[in-house]
Structure formats: structure tokens, C-alpha cells
Amino acid sequence: MSDSQPLLLRAARGESVERTPVWMMRQAGRYMKVYRDLRDRYPSFRERSENPDLSYQISMQPFEAFQPDGVILFSDILTPLPGMGIDFDIVESKGPLIQKPIRSLSQIEALQPLEPNATMPFVGEVLGRLRESVGNKAAVLGFVGAPWTLAAYVVEGKSSKNYAVIKAMAFQQPDLLHRLLNHFAESIATYLRYQIDSGAQVVQMFDSWAGQLSPADYDTFAAPYQKRVVDLVKSTHPDTPMILYISGSAGVLERMGRTGVDIISLDWTVDMADGCARLPEHLGVQGNVDPGLLFGTPEAIRERIVDAVRKARGRRHILNLGHGILPGTPEDNAKVFFETGKTVDNLIGSAA
């Protein structure tokens, strides 16, 4: 068995691997003291994510602390928006704010095609530096927001509890929304290609708010554009594994499996055994420990990891949380998660 490629990359490709790889969504962030200390010195999120030295440093913090099998770019799904002509800010404890929400045909027609090399070269620089730093000790992950979720932010203008504004557009002006979604699909595919060319070995698409759609509306406003992104990327980078994550995905799990991605990331509301049974065998799975469990005891964390990995046995599986790690999570418990993840196959074997 060759170890010339990182474990997580080999697992994501469906190769036989020596153990289950593990990483964590939002593994670089507020639960880590080193991140909070840096945030105190650089309070602007956009500066932290768009200054290549800061983004690189933050991306490496969890790798230096826990040695996960994946190192993900520290960035945000909204980072490409200014390159399309949409300005935004991220306010601490409030989330993203879009200065001028996109709600008219003239605004959509004014959007620019994304040219990542020109408008966000810092992303390419950070990905290249991460590859140089981690070598084959970890896979470098890139990520994007899917078209529906990006549209939800730019139409609503901020995070939302009921998504009334974009749903009003969907049901009153569907042609307008489809134009916006198509623009995002083309630009996001361009952005993913840029990330891969810059050093990302595995990429994840977050359609965080697609779980707010009924299955029928998911088929209309989310899935076709997820698939469009996947098709465009696979046409030029067929060997790069692609992961799809949706928060609250239980109602659309089978539909996710038809988008062309390689791996479905399950949230914690789906039992791992049920998720595996509902998805075609050729698809890998990622997840899916409840991030809230990391406030519990080490014993409870270990037990839940063993349960998830045991239920995913026989499948291509990447251990992860079912959502991003929560602020305030004890760092020692994050350490338990990673250490258990690296030894869980032995734990299952000894208990068998």
C-alpha cells in the first residue's frame, strides 16, 4: 500500500486505507485560544481570511495542535462575492451582512464573472503554502458555498430564520432567481477549479441552507445548480474528490446522492446506518458526530465516534462532525475527538 498520497485523499478516492481519516468542519476557529488571541489583534474577519499570512497561520493552528488528516483553508463561503461585485462584511456574533441585497434584474445583470486569480489571489497563495507545509501528512481541503446558499445570503442580505425574502423571489419571480443561481454556479465552478489548481486536493461544497427547502423545491432551486458545479469541475478535474454538505439533509439525502459528488457529508440528525442504507454503495460518507457532544465527557465522545465508524464500516468513510465545531467547545475535548478518531478502528477491533 502506497503512502505517497495523504490518507484522507486516498480514502476520499475510495482506495483501501489503513484507518479511517478524521478532520473537523470549522476546526480552525473560536474554540481555540490561539485563534481568539489572534482575533483580538486582528478583529476584522475579512482581514483574517483575506490576508494570506493570517489565513495561513489560522489554517495551520489545528494541524499544529491536533494533527488532523485534513487541513482546510481558513476562509468563508462568501469570500468570492466581492469578485462578482457584491460587497459584504461579517460582524462578530451577528454573521454576514450584504450592504446591497440582490433583488432586481439590473443588479443580477451587473454581476461580474468571477476571476479568482485577479480578485482573490490570496486564496491560491494560502493553498499553495499549506501544501508545502503539510506535505503528505494531511490532505489540503478547499471549499465553496453552493449556489442556493450564496443566493440566500445575497437576497436576504443577512442570515435568516425563515428565508421569506428568497422564497418570495422563488415563488413570485422564479426566472429572476434562476438567473442568479446560474451565475453563481458558473462562478463557483471557476472558483473550485482555481482552488484545485492552487493546491486543494479534496473540495467540499456547503449548501448549508438547502435543508430549508421542500424536496420538490430542492429539486428546482438547489440540486440542478449543485450538479452544474460538479459537472463543470469534473469536466476538467475528474480525479478530485468532491464532498457535499447540507445542514438538515434528512429529507433530501437520496437527492444529494444524485448530484455527481463523491462523498455525502451527513449531519448528526441522520443515523449513520440509515444514511449508508439510503445512499448508493459507490458513494462515500462523511460525519457525523453531533458537535454538541464535544461538551460532554471523553467517554461519551469516544462511544459516539465508535458508533459512527462501526455503522459506516464497509463504506468509504471520513470521520467528521455533523456540523462545524461550536464556539466554547473545550479544546481538550477536540483533542479527544481527533485522538479517538485516529485509534477508533483499533478500539472497534478490540471490542469485536
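Cβ coordinates are placed from backbone N, Cα and C, and glycine is handled just like the others.
A coil conformation is recorded for SER208 (substrate binding site) in the three-state DSSP classification, outside any helix or strand. If you draw a 10 Å sphere around the CB of SER208 (substrate binding site), it holds 21 other CB atoms from the protein chains shown. As annotated by Swiss-Prot, substrate binding site applies to ARG26, GLN27, ALA28, GLY29, ARG30, PHE45, ASP76, TYR153, SER208, HIS323, with the evidence given as sequence analysis.
DSSP gives ASP76 (substrate binding site) a coil state; it is part of no helix or strand. Counting Cβ atoms from all protein chains shown, ASP76 (substrate binding site) has 18 others lying within 10 Å of its own Cβ. As annotated by Swiss-Prot, site 'Transition state stabilizer' applies to ASP76, with the evidence given as sequence analysis.
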Whole-number Å value of the largest CA-CA distance among ARG26, GLN27, ALA28, GLY29, ARG30, PHE45, ASP76, TYR153, SER208, HIS323, listed as substrate-binding: 23
List of residues, in chain order, with Cβ under 8 A from that of ALA28 (substrate binding site) and at least 6 apart: TYR35, ILE58, SER59, GLN61, PRO62, ILE72, PHE74
Sparsest-packed among the binding-site residues, when each Cβ's other Cβ atoms within 10 Å are tallied, from ARG26, ARG30: ARG30
